[in-house]
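A short worksheet on the structure shown next.
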Amino acid sequence: MKMLLLLVGVLIFSGIGYVRSDASDHRYKEGDTVPLYANKVGPFHNPSETYRYFDLPFCVPEGVKEKKEALGEVLNAKKRSSCSDKLLRKTTTSRCTMMISPSGDSLEKLTRMPNLIGEYKYFLYKHIEFEILYNKDRVIEISARMDPHSLVDLTEDKEVDAEFMYTVKWKETETPFEKRMEKYSMSSSLPHHLEIHWFSIINSCVTVLLLTGFLATILMRVLKNDFTKYAQDEEAADDLEETGWKYIHGDVFRFPTHNSLFAASLGSGTQLFTLTIFIFMLALVGVFYPYNRGALFTALVVIYALTSGIADTHLPLSTANLKEKAGKAEFQAPCRTTKYPREIPPLPWYRSAVPQMAMAGFLPFSAIYIELYYIFASVWGHRIYTIYSILFIVFIILIIVTAFITVALTYFQLAAEDHQWWWRSFLCGGSTGLFIYAYCLYYYYARSDMSGFMQTSFFFGYMACICYGFFLMLGTVGFRAALFFVRHIYRSIKCE
């Protein structure tokens with residue numbers, strides 16, 4: 001735990017330091033050269049389909065070298081190359097001429113534009129306009145635009161002479177260097193965006209209140225009646241036949257089938273939950289900022305590696321020698337387990353695993369689906385998302401709703417004398433991950449313009465991994481909530 005706290009401190013201070021300045025300190029005097037790097041380039045709507053900038057038919061300067069990237073930048077697939085051309089600290093213009101052959105592979109990477117009669121033509125921009133905002137000797141912001149009046153028509157299959165050029169304009173601004181990122185951080189805090197986010201939170205809070213009220217008025221009242229009935233004197237109890245959840249007290253703490261897989265799933269889910277909490281802590285203190293996903297990827301890798309031991313230590317049961325450890329401190333059951341399991345009575349179809357998972361996953365998903373769009377638009381688009389406080393509130397609501405709905409379904413399962421609740425509680429808790437993956441289908445086909453085999457495989461492949469992580473994490477939350485509830489009710493009665 002001390003190592004994790006030390007890691008958080010190091011990331012905080014290193015992240016804040018990186019925001020203030022880089023190696024060159026962003027300081028340039030009149031006539032100084034500003035380094036220019038060419039990053040990856042690709043279709044606007046396909047963020048995963050990227051190419052090296054100089055793979056396109058542009059003028060390639062001499063002395064191009066690959067810039068050494070940090071761990072997070074490598075994971076983010078950044079491919080920055082240094083250019084021999086420099087942006088001078090004055091208004092300048094640079095030109096170069098080259099021959100372009102449309103029959104090359106580079107033509108396939110160009111954007112096609114429809115003309116007035118519906119046919120497609122291929123164009124290549126020739127003029128890049130750089131606008132650099134500065135405050136004294138500090139560079140505050142750099143924007144690059146394409147001149148729409150300077151195009152090369154590459155529709156016909158013939159070689160074309162093209163003169164490429166870029167223009168650099170310097171403008172003074174009063175924005176201080178320390179606040180240069182606020183423009184991007186505040187973009188997601190505009191009033192109309194905040195209204196939607198707060199509506200999402202109110203919707204989630206209403207779900208939590210309704211679910212809490214359901215548990216308080218119905219579930220607790222039923223439990224109170226059960227406790228009253230089971231607490232009768234021994235003579236009266238002998239005359240009554242045990243029914244309901246007390247009837248299976250000798251089977252309810254029996255270890256589940258495939259216990260090694262179950263333990264491994266719980267361990268991984270606990271690790272992912274811990275990882276998520278630490279990432280939120282770093283986000284809330286301002287370590288992550290727009291257009292610097294490298295810091296996020298670095299934190300994910302480092303914290304995941306340091307929390308790997310949690311997957312082994314935070315388990316309700318061990319993956320080896322389960323039966324030998326049943327009576328030790330690792331897992332203390334309030335009721336003694338019988339030698340042979342009781343037969344589960346026939347149950348209606350809606351009490352089976354799949355309908356229960358559908359009910360358990362729908363409520364938590366309904367509490368987060370509005371916020372999901374903004375997250376998807378940030379990860380798979382170009383929208384900036386910086387309201388980490390609201391995202392953390394939605395995450396807490398997601399955890400609460402998952403725990404409550406799993407506890408309620410576990411009680412109804414035990415009341416029907418079905419003692420196989422271990423896997424059921426895990427599957428019900430994690431079923432929200434399946435709803436999120438279903439939302440991926442809706443987002444891809446209805447809310448985005450992504451296309452192509454590579455982008456499609458990247459999107460659904462990565463989202464399958466992320467949703468599987470949510471399945472493990474929320475499944476662990478659901479099981480631990482159910483385990484706490486089951487232990488409580490069976491500890492409150494007399495089990496023979």
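Glycine is treated like the rest: Cβ placed from N, Cα and C.
Note that this is a predicted model, so its numbers are computed, not measured.
What TrEMBL lists as signal peptide is 1-21.
Panel annotation: around the transmembrane segment (196-219), residues 363, 366-368, 370-371, 374, 387, 390, 393-394, 397-398, 400-401, 404-405, 407-408, 411 of the same chain, lying at least six beyond its termini, place a Cβ under 8 Å from a Cβ of the stretch. The annotation transmembrane segment is assigned in TrEMBL to 196-219 (among others).
Here TrEMBL flags 272-289 (among others) as transmembrane segment.
As annotated by TrEMBL, transmembrane segment applies to 295-315 (among others).
Annotation source TrEMBL lists transmembrane segment at 357-376 (among others).
Summarising the annotation, TrEMBL assigns transmembrane segment to 388-414 (among others).
For 426-446 (among others), the entry in TrEMBL reads transmembrane segment.
The feature transmembrane segment is assigned by TrEMBL to 458-486 (among others).
Two recorded stretches are said to be in contact when at least 3 C-beta pairs lie under 8 angstroms, sequence spacing 6 or more; the transmembrane segment (426-446) and the transmembrane segment (272-289) fall short of this definition. For the transmembrane segment (388-414), same-chain residues at least 6 beyond its ends with a Cβ under 8 Å from one of its own Cβ atoms are 197-198, 200-201, 204-205, 207-208, 211-212, 214-215, 219, 222-223, 244-245, 248, 252, 276, 280, 283-284, 288, 351, 356, 359-360, 363-364, 367-368, 371, 375, 421, 424-425, 428-429, 432, 474, 477-482, 485-486, 489.
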